[in-house]
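Engineer: Before I ask anything, let me first share the structure, which is written out below as structure tokens.
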């Protein structure tokens with residue numbers, strides 16, 4: 001597993017405003033989108049490209065374009081949807097799949113899959129899993145293996161905040177045959193007894209969309 005933690009003043013500034021409990025949902029959503037675009041720049045560094053002959057107004061040249069098959073972006077519902085706009089603005093030609101998973105509250109590292117909209121065959125595809133929080137690591141491992149069962153071998157997770165416990169769990173449980181990377185804005189102190197990241201930013205889904213009772 002390869003872990004990349006962004007180190008940039010713009011990331012630190014935006015993340016501080018994002019964490020603030022007084023930041024309204026509208027601003028929170030915009031900041032998530034902006035942070036994801038900054039993360040995606042690093043996460044997409046190894047996207048496959050092919051030669052593309054073109055003509056500029058001055059002369060012919062050979063540039064580069066994204067190769068086929070197209071990369072696929074997979075938000076983990078529901079909080080991952082808040083990161084989708086930033087990703088598709090950067091890679092508008094990417095395909096989008098959806099994966100609904102939620103943590104079993106009695107067994108925090110176990111997941112319940114309740115929805116999926118994914119191609120049956122992900123062989124040869126570069127996959128980007130997006131979910132704001134890497135807390136226990138259970139969702140990320142389950143989602144990655146879900147993609148791997150469909151043939152994915154190149155998976156990059158983009159999370160805004162991670163907990164050390166979650167990173168450790170992922171390192172210990174991810175299938176080593178997968179080319180797996182994680183890009184985060186920050187690694188926080190720890191998880192509390194409710195498996196929330198500390199200091200964290202609260203429940204990302206609730207802050208993006210409001211609380212659903």
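Every residue gets a Cβ built from N, Cα and C, even glycine.
Pulled these features from Swiss-Prot for this protein:
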{"type": "BINDING", "residues": "78, 103, 131, 132, 133, 134, 135, 136, 137, 138, 139, 203", "note": "5-phospho-alpha-D-ribose 1-diphosphate binding site"}
{"type": "BINDING", "residues": "197, 202, 203, 204", "note": "uracil binding site"}
Engineer: List the Cα distance (Å, whole number) between residue 133 (5-phospho-alpha-D-ribose 1-diphosphate binding site) and residue 204 (uracil binding site).
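Structural biologist: Distance (Cα to Cα, whole Å): 7 Å.
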Engineer: How many other Cβ atoms are found within 10 Å of the Cβ atom of residue 197 (uracil binding site), counting all protein chains shown?
Structural biologist: 27
Engineer: On the three-state reduction of DSSP, what should I expect for residue 139 (5-phospho-alpha-D-ribose 1-diphosphate binding site)?
Structural biologist: helix
Engineer: When the Cα-Cα distance from residue 197 (uracil binding site) is computed for each of the binding-site residues 78, 131, 135, 137, 139, which gives the smallest value?
Structural biologist: 135
Engineer: Count the other Cβ atoms sitting within 10 Å of the Cβ of residue 78 (5-phospho-alpha-D-ribose 1-diphosphate binding site), across every protein chain shown.
Structural biologist: 16
Engineer: Going by DSSP, is residue 204 (uracil binding site) part of a helix, a strand, or coil?
Structural biologist: helix
Engineer: Work through the binding-site residues one by one (78, 135, 137, 139) and name whichever has its CA nearest to the CA of residue 202 (uracil binding site).
Structural biologist: 135
Engineer: Would you count the other C-beta atoms found within 10 angstroms of the C-beta of residue 203 (uracil binding site) for me?
Structural biologist: 13
Engineer: Can you check which residues sit near residue 204 (uracil binding site), meaning Cβ under 8 Å from its Cβ, same chain, 6 or more apart in sequence, and list them in order?
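Structural biologist: Set apart from residue 204 (uracil binding site) by at least 6 residues yet with Cβ under 8 Å, we have 32, 79, 82, 132, 133, 160.
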Engineer: Just to be sure I understand the packing, how many Cβ atoms besides its own are within 10 Å of the Cβ of residue 131 (5-phospho-alpha-D-ribose 1-diphosphate binding site)?
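Structural biologist: Cβ-Cβ neighbours of residue 131 (5-phospho-alpha-D-ribose 1-diphosphate binding site) within 10 Å number 26.
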Engineer: Using the CB centroid of 197, 202, 203, 204 as the uracil site centre, which other residues of the same chain sit with their CB within 8 A?
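Structural biologist: In sequence order, the nearby non-listed residues are 132, 133, 196, 200, 201, 205, 206, 207.
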Engineer: What is the one among the binding-site residues 137, 202 whose Cβ has the most other Cβ atoms less than or equal to 10 Å away?
Structural biologist: 137
Engineer: Validating a neighbour-count step here. Other CB atoms within 10 A of the CB of residue 133 (5-phospho-alpha-D-ribose 1-diphosphate binding site): how many?
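Structural biologist: Taking all protein chains shown, residue 133 (5-phospho-alpha-D-ribose 1-diphosphate binding site) has 27 Cβ neighbours within 10 Å.
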